[in-house]
């Protein structure tokens with residue numbers, strides 16, 4: 001297959017080539033902090049402003065033609081950011097350009113702004129697509145330099161669950177809290193081990209994190225101490241943005257799980273290990289894990305990561321196996337909804 005080509009200059013080492021066009025939320029730096037945030041797609045050193053694309057009437061597929069979902073309707077985030085977690089735009093509705101700008105293989109005959117046999121590919125960025133390439137005024141409105149915008153949380157986070165996904169991670173943490181003799185609890189081999197985190201303290205990467213104050217474990221005959229955490233730690237993890245959710249009491253079949261994942265972000269799960277060690281028995285983490293969680297600003301789609309998917313490593317020690325499971329490699333994983 002020929003290399004994907006675009007009229008937008010993308011450096012060879014860019015995180016956002018045509019093969020990876022992630023979704024995010026931003027605000028232009030020349031606007032007031034009170035101005036409504038906007039949804040966008042990153043390409044190279046630019047952001048495609050989806051609200052400007054919508055205002056120009058370039059969404060003419062069946063889902064978004066005439067839709068108001070890219071425009072502010074609330075004081076916090078427009079409904080367009082809820083479709084990121086709620087699956088309003090997804091691999092299931094590829095009839096609108098921005099929903100599938102990263103899909104391939106590239107066919108110049110399908111590089112149009114609109115709909116071609118129900119599928120749009122690279123519709124706004126194709127090298128021979130003139131809509132943005134040849135319209136300087138429209139291009140200036142829709143394509144903003146990354147250096148001229150402030151990136152924000154990429155979606156409204158209604159809930160947050162943190163999982164022990166990797167045996168290595170489970171063993172390392174278990175060794176810290178239970179010692180090397182019995183680091184992994186037996187139930188880890190049979191059921192998902194997780195706890196609910198604090199959604200309100202999830203922040204965008206680069207936000208300052210305040211060292212938490214709390215009570216740490218006693219030493220010898222001394223009482224527990226109180227003060228700033230003496231063992232502040234971090235965990236590099238992968239987080240999935242999921243939606244649209246399920247009705248109360250109605251489970252999601254494991255074979256349909258991927259259909260509920262909008263995309264992935266990197267996550268830093270900050271941890272106050274001394275506070276955590278003292279408080280987590282018997283009900284699990286509390287203040288030692290809830291003071292801050294950082295995530296990257298761009299939601300990478302599963303399509304972009306598909307070439308890197310591999311078979312999951314064998315979880316040695318398990319008395320049962322899950323066949324056909326595939327993963328992208330991570331020390332742990334979190335779920336935002």
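Cβ coordinates come from backbone N, Cα and C, glycine included.
Note that TrEMBL annotation is computational and uncurated.
If you look up TrEMBL, you'll see 19-62 marked as domain 'Fumarylacetoacetase N-terminal'. Summarising the annotation, TrEMBL assigns Ca(2+) binding site to 162, 235, 237, 269. Annotation source TrEMBL lists domain 'Fumarylacetoacetase-like C-terminal' at 163-307. The feature substrate binding site is assigned by TrEMBL to 164, 178, 276, 280. According to TrEMBL, the active site, proton acceptor annotation covers 169. Positions annotated as Mg(2+) binding site by TrEMBL: 269, 289, 293.
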**residue 178 (substrate binding site) to the residue listed as 'active site, proton acceptor' - Cα separation in whole Å** = 14
**Prompt:** Using C-alpha atoms, which one of the recorded positions 169, 276, 280 comes nearest to residue 235 (Ca(2+) binding site)?
**Reply:** 169
**Message:** Give the mean pLDDT for the domain 'Fumarylacetoacetase N-terminal' (19-62) on the 0 to 100 scale.
**Reply:** 87
**Request:** Write out the long-range same-chain contacts of residue 280 (substrate binding site), meaning residues 6 or more apart in sequence whose Cβ is under 8 Å from its Cβ.
**Result:** 177, 286, 288
**Item:** Cα distance (Å, whole number) from residue 269 (Ca(2+) binding site) to residue 293 (Mg(2+) binding site)
**Value:** 5
**Request:** Using residue 289 (Mg(2+) binding site) as the reference point, find which of the recorded positions 162, 164, 169 has the shortest Cα-to-Cα distance to it.
**Result:** 162
**Request:** Would you find the one among the recorded positions 169, 178, 289 whose Cβ has the most company, meaning other Cβ atoms within 10 Å?
**Result:** 289
**Request:** Quick one: pull the CA-CA distance for residue 269 (Ca(2+) binding site) versus residue 164 (substrate binding site), whole Å only.
**Result:** 12
**Complete:** Whole-number Å distance separating the Cα atoms of residue 162 (Ca(2+) binding site) and the residue listed as 'active site, proton acceptor' is 12
**Request:** Please report how many Å separate the Cα atom of residue 237 (Ca(2+) binding site) from that of residue 164 (substrate binding site), as a whole number.
**Result:** 10
**Asked** In sequence order, which same-chain residues at least six apart have a C-beta under 8 angstroms from residue 276 (substrate binding site)?
**Response** 177, 285, 288, 289
**Complete:** Counting every protein chain shown, other Cβ atoms within 10 Å of the Cβ of residue 162 (Ca(2+) binding site) number 22
**Protein Cβ atoms within 10 Å of residue 269 (Ca(2+) binding site), excluding its own** = 20
**Asked** Beyond 164, 178, 276, 280, what residues of that chain have CB atoms within 8 A of the centre of the substrate site's CB atoms?
**Response** 173, 174, 176, 177, 277, 284, 285
